[in-house]
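Quick notes on the structure that follows.
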Amino acid sequence: LGRMKPVIVVHGGAGRIFKEREEGCRAGVVRAALRGYGVLKQGGSAVDAVEEAVRSMEDDPHFNAGCGSVLNEKGEVEMDAIIMDGKNLDSGAVSAVKCLANPIKLARLVMEKTKHMLLTDHGAQLFAQAMGIPEIPGEKLITERSRERWKKNLEPDSNPEEFQKDLGTVGAVAIDSEGNVACATSTGGLSNKLIGRVGDTACIGSGGYADNRSGATSTTGHGESIMKVVLARLILYHMEQGMSPEVAADTALDYMKTRVGGLGGVIVVNKAGEWAARFSTKQMSWATVKDDNLHYGIYAGERHVKSVDEALASEREGF
């Protein structure tokens, strides 16, 4: 049938990416985009593609999601994730989940196997057990870097806000050959957050939104600010009013900045397969594949382009 050319866009979080982590972040988003595109090329759905892309980044310790998540005030990992299918507006999300390698996988099961949209904490854990998802020791998700940062933030003169700039929520949006769109977002949240804090990621319309009638978006940045303006839905609203993905993204990010002083980043695809990756922070790692070309960058104005074949070849050689 292949009426639409499939497109995938991914982000690895908006904020400040330290020099020594740049290469790893670039490689991570590129790998995720290529994996998601592989799913689309084989006729997989947009939902399959965004789940696969996000899973790839959850497994990559460079990002604040899955393994590599930041720690809460007690030194534990608590993760949030959401997935949404633009065909019928079905969505599944989990919040404050621990001891799981891939929260996005559980979010998808919430969407497909329950009548609910969001399961939290202990209930999400029970559901994971019922679904046969193996628990892993919490320590397995904790990197040296997350622990270091947690300790630093505990010092009396520390300013966790300073560190929040390096956020690293991960996300993906896609349109498949059938013209269906989907989004997925996953995060470890804010470093040294209160136990039980839920940010924008698990909240439909804030951390992500997908609707075949307009498009799909996944967000990253300061969660509380994103929730105040319901950022993902706001972007789609602007597209429904006729704005291009890029203008819609910039308009919404600008509103969030002027109205509540919040910074962030977004990836967008519209129903015509046009895409954008925009941010008001210093940096956001992102990658996209369309027409067998890979585009990626981290800094404002930075955009590398490679053919997918070339990218897959260097991927095999280990970037």
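Here the Cβ of each residue, glycine as well, is placed from N, Cα and C on the backbone.
Taken from TrEMBL, the feature active site, nucleophile covers Thr169. Among the features that TrEMBL reports, substrate binding site is placed at Arg197, Val198, Gly199, Asp200, Thr220, Gly221, His222, Gly223.
On a Cα basis, the residue listed as 'active site, nucleophile' lies 13 Å away from Val198 (substrate binding site). Look at the recorded positions Thr169, Val198, Gly199, Gly223 and count other Cβ atoms within 10 Å of each Cβ; Val198 has the fewest. Annotated pair Gly199 (substrate binding site) and Thr169 (active site, nucleophile), C-alpha to C-alpha distance, rounded: 11 Å.
There are 28 other CB atoms within 10 A of the CB of Gly221 (substrate binding site), with all protein chains counted. Cβ neighbours within 10 Å of Arg197 (substrate binding site), excluding its own Cβ and spanning all shown chains: 17. Residue pair the residue listed as 'active site, nucleophile' / Gly223 (substrate binding site) shows a Cα separation of 10 Å.
Its own atom aside, the Cβ of His222 (substrate binding site) has 24 Cβ atoms within 10 angstroms in the protein chains shown.
The binding residues for substrate are recorded as Arg197, Val198, Gly199, Asp200, Thr220, Gly221, His222, Gly223; their greatest pairwise CA distance is 16 Å. When other Cβ atoms within 10 Å of the Cβ of Thr220 (substrate binding site) are tallied across all protein chains shown, the result is 32.
Taking Cβ-Cβ distances under 8 Å and a sequence gap of 6 or more within the same chain, the neighbours of Asp200 (substrate binding site) are Ser206, Gly207, Thr219, Gly223, Glu224, Ile226, Met227, Leu231.
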